[in-house]
Amino acid sequence: MKGFNCNGQVILISGGSQGLGESFAKRFVQDDDGPGSNTNKVIIVSRSQSKLVKACERIGVDGVSLDRYVNDTNRNETKLIYHSCDTSSYDKVALMFKLLVKSELVPSQVYMCAGGSIPKLFLDLTPEELQNGITTNYSTAVNLAHVSLKHDVPHLLFFSSEVAFFPFIGYAQYAPLKQSIRSLVAILRQEHSSTRITCVYPGNFQSEGFDLENITKPAITKEIEGPSNPVTAAQCRDKIISSLKWGLDDITTDSIGWLLMACDQGLNKHSTSQFMFVFSWILGALLNITIVPIYMLICKFQIYQWKRNKDTK
């Protein structure tokens, strides 16, 4: 079990201008034990410079751009650094790390929070939305992971989704890429066993992205999902940090996510560190024999009814 320390770290967060990424940044720059108790350096990354500046204002700490930090003579006072970078471009990620090395800011933890979903039926998606799903949800993570490992970053944190365990209608632009993240994590754990590699599967949490998703989400998708009571981004973040401190590296943030993960073990998934692993493996086997087949028949019937109602309109 590899330890987890929230202090004295250099932490890079992609997708740090909003949502869960911003919440992590806010947590990691706080002086919980009095002024000066926190010695973290936090770098938030996003494509939009203006969003990063606004995020710094919401976090409540004076942020400094990475370009300015490189030439800053009073670096010890700086906790929060921001940098505009399109992490879907490998060259731009590599260039960012050159600046980090020059600034003596090689990360000890990298949080790959960038991502987003546009829930629609497959044929309703535009070519741009399809490509955006690939670049935002996979390319951003694979580029950042590749460059991070080249610089011997000791802890990588990937962010997948509960739909990686159970992809269903309406998530064609999102779920396949989040499943790809899970596959990538399994391979990297084999190739880089000395590196701590965490994969988080968050449930719904309140964010700008969550509100936008509900605008385009098909009715059948909402029906299968059922009613949702999203937690705050801070609650989701604290659950993840608590799990990390326990040494867990396959992390869900609610009971539904844990049950879905229990039902989807399979090859390369038995050496992972998850909550109540042995019990989840047994429970998952029982659910796959009993409950899952019945539930999938119900889903099939829901989709059939939805299609029939749609055709009669």
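Here the Cβ of each residue, glycine as well, is placed from N, Cα and C on the backbone.
Among the candidates Asp72, Asp86, Asp91, Asp124, the one that Swiss-Prot lists alongside Gly15, Ser17, Gly19, Arg47, Lys51 as binding NADPH is Asp86.
The C-beta environment of Gly15 (NADPH binding site), restricted to residues of the same chain at least 6 apart in sequence and closer than 8 Å, consists of Gly21, Val45, Ser46, Met112, Cys113, Ala114, Gly115, Thr140. Contacts of Asp86 (NADPH binding site) defined by a Cβ separation under 8 A and a same-chain sequence distance of 6+ are given as Arg47, Lys92, in order along the sequence.
Taking CA atoms as the reference points, Gly19 (NADPH binding site) and Ser160 (active site, proton donor) are 15 Å apart.
Sequence-distant contacts of the transmembrane segment (278-298), counting only residues of its own chain at least 6 positions beyond either end whose CB sits under 8 Å from a CB of the stretch, comprise 258-259, 261-265, 270.
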